[in-house]
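Undergrad: This is the feature table in Swiss-Prot:
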- 19-26, 81-85, 136-139: GTP binding site (BINDING)
- Thr26: Mg(2+) binding site (BINDING)
- 10-206: domain 'tr-type G' (DOMAIN)
- 19-26: region 'G1' (REGION)
- 60-64: region 'G2' (REGION)
- 81-84: region 'G3' (REGION)
- 136-139: region 'G4' (REGION)
Amino acid sequence: MAKEKFARTKPHVNVGTIGHVDHGKTTLTAAITTVLSAKFGGAAKKYDEIDAAPEEKARGITINTAHVEYETANRHYAHVDCPGHADYVKNMITGAAQMDGAILVCSAADGPMPQTREHILLARQVGVPYVLVFMNKCDMVDDAELLELVEMELRELLSKYDFPGDDTPIIHGSALKALEGDQSEIGEPSIFRLADALDSYIPDPERAIDQPFLMPVEDVFSISGRGTVVTGRVERGIVKVGEEIEIVGIRPTVKTICTGVEMFRKLLDQGQAGDNIGALLRGTKREDVERGQVLCKPGSVKPHTHFTSEVYILSKDEGGRHTPFFNGYRPQFYFRTTDVTGSIELPEGTEMVMPGDNIAMTIKLIAPIAMEEGLRFAIREGGRTVGAGVVAKIIE
């Protein structure tokens, strides 16, 4: 059976489980891999294998995350599950595991709890585009009215944070029953219903190569007789030789023409997402471009200085600050390839931020950066990472 080959042709989607502690996220993850692998191939993962999540580092922050994969009839999924609440917060803010959609797991016996709410808010803040719900432990609730009540609460909660609560798929089931091979409605069939909902509710993500061109500037060289070469890794899209591009951020935006693309000292017709290239720019002086700017498709990204964000502040144990900070704190914000100083404004009623906290705050930079909602950044003091954040809403 040439199964492998077939798998690669399926669209790939990144998802993850979110929700309150002990509502069954890891059990559901195990149930999905077990039930779907029996039908579509792939590897079943046991609860203990997922729960013993390995450590990884993202933006200088240590996060425990378990990665599993599974297939449905139409797609290949990569799925992340985190053991602890703090890991979720860090994961979502650093974008260590970018999610095209999230499965919110909520125990039918308990209903929405504080972390249920917090994870929905985080999903909204960090720009997870789709959330669907698995109402777990339905075997523990005999009262149909109670199930309806929990479902209503969940829909209201989703709507409150600007998700389409009324249209969100909510699947009733029991991850444990499904894992045990139970064939009743809340057993294995609930996992297939969840798989169908994932396939139909989360659209195919737009591939990086199909998005508008953007390349963060890492270095600038002057090559006599040829002009100025800007190097970096293409983040998304394609740049073709002869195309007009913009240089955005730090200084006023300028337009230029890309007159050449080279990679490994060879000339190419184009550079695309994932390529490390040197782009030759027409009529641009070496001192007109600097690290921290981006090359992009004209009009696709604007420079901004003022925005709201969701940030996670490293704890002392993670090598972060030992003391809290207050309103007006002025660290550096590291966007893509460079640091920019900025000041922070805490939400009303918040006096200070302790190491280990996550919080929504407004940031004002002293120089504009090419920015979109969902852009990740690090917070640094003298080159040392003290936090991580994501742009939630641009103000100006």
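In case you wondered, yes, glycine gets a Cβ from its N, Cα and C as well.
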Undergrad: Among the binding-site residues listed here (Lys25, His85), identify the one with the smallest other-Cβ count within 10 Å.
TA: His85
Undergrad: Using a Cβ-Cβ cut-off of under 8 Å, list the residues of the same chain that are 6+ residues beyond the ends of the region 'G4' (136-139) and lie near it.
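TA: Same-chain residues near the region 'G4' (136-139) but 6 or more away: 23-24, 27-28, 105-109, 147, 172-177, 186, 190.
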Undergrad: On the three-state reduction of DSSP, what should I expect for Lys25 (GTP binding site)?
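TA: Looking at the DSSP assignment, Lys25 (GTP binding site) belongs to a helix.
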Undergrad: Where does Cys82 (GTP binding site) sit in DSSP terms: helix, strand, or coil?
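TA: DSSP call for Cys82 (GTP binding site): coil, neither helix nor strand.
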Undergrad: Measuring Cα to Cα, how many angstrom lie between the residue listed as 'Mg(2+) binding site' and Cys138 (GTP binding site)?
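TA: Each residue's Cα considered, the residue listed as 'Mg(2+) binding site' and Cys138 (GTP binding site) end up 16 Å apart.
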Undergrad: Would you mind checking how many other C-beta atoms are within 10 angstroms of the C-beta on the residue listed as 'Mg(2+) binding site'?
TA: 23
Undergrad: When you measure from the Cβ of Cys138 (GTP binding site), how many other Cβ atoms are you left with inside 10 Å?
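TA: I count 22 other Cβ atoms within 10 Å of it.
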Undergrad: My understanding is the cutoff is Cβ-Cβ under 8 Å with a sequence separation of 6 or more in the same chain; which residues meet that for Cys82 (GTP binding site)?
TA: Gly16, Ala53, Ile63, Asn64, Thr65, Ala66, Tyr88, Asn91
Undergrad: According to DSSP, does Cys138 (GTP binding site) fall in a helix, a strand, or coil?
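TA: The three-state answer is helix.
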Undergrad: Using DSSP, tally how many residues of the region 'G2' (60-64) sit in helix, strand and coil.
TA: 0 helix, 4 strand, 1 coil
Undergrad: For a quick check of packing: other C-beta atoms within 10 Å of the C-beta of Asp22 (GTP binding site), how many?
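TA: I get 13 for this one.
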Undergrad: With H, G and I counted as helix, E and B as strand and the rest as coil, say where DSSP puts Gly19 (GTP binding site).
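TA: It is in a strand.
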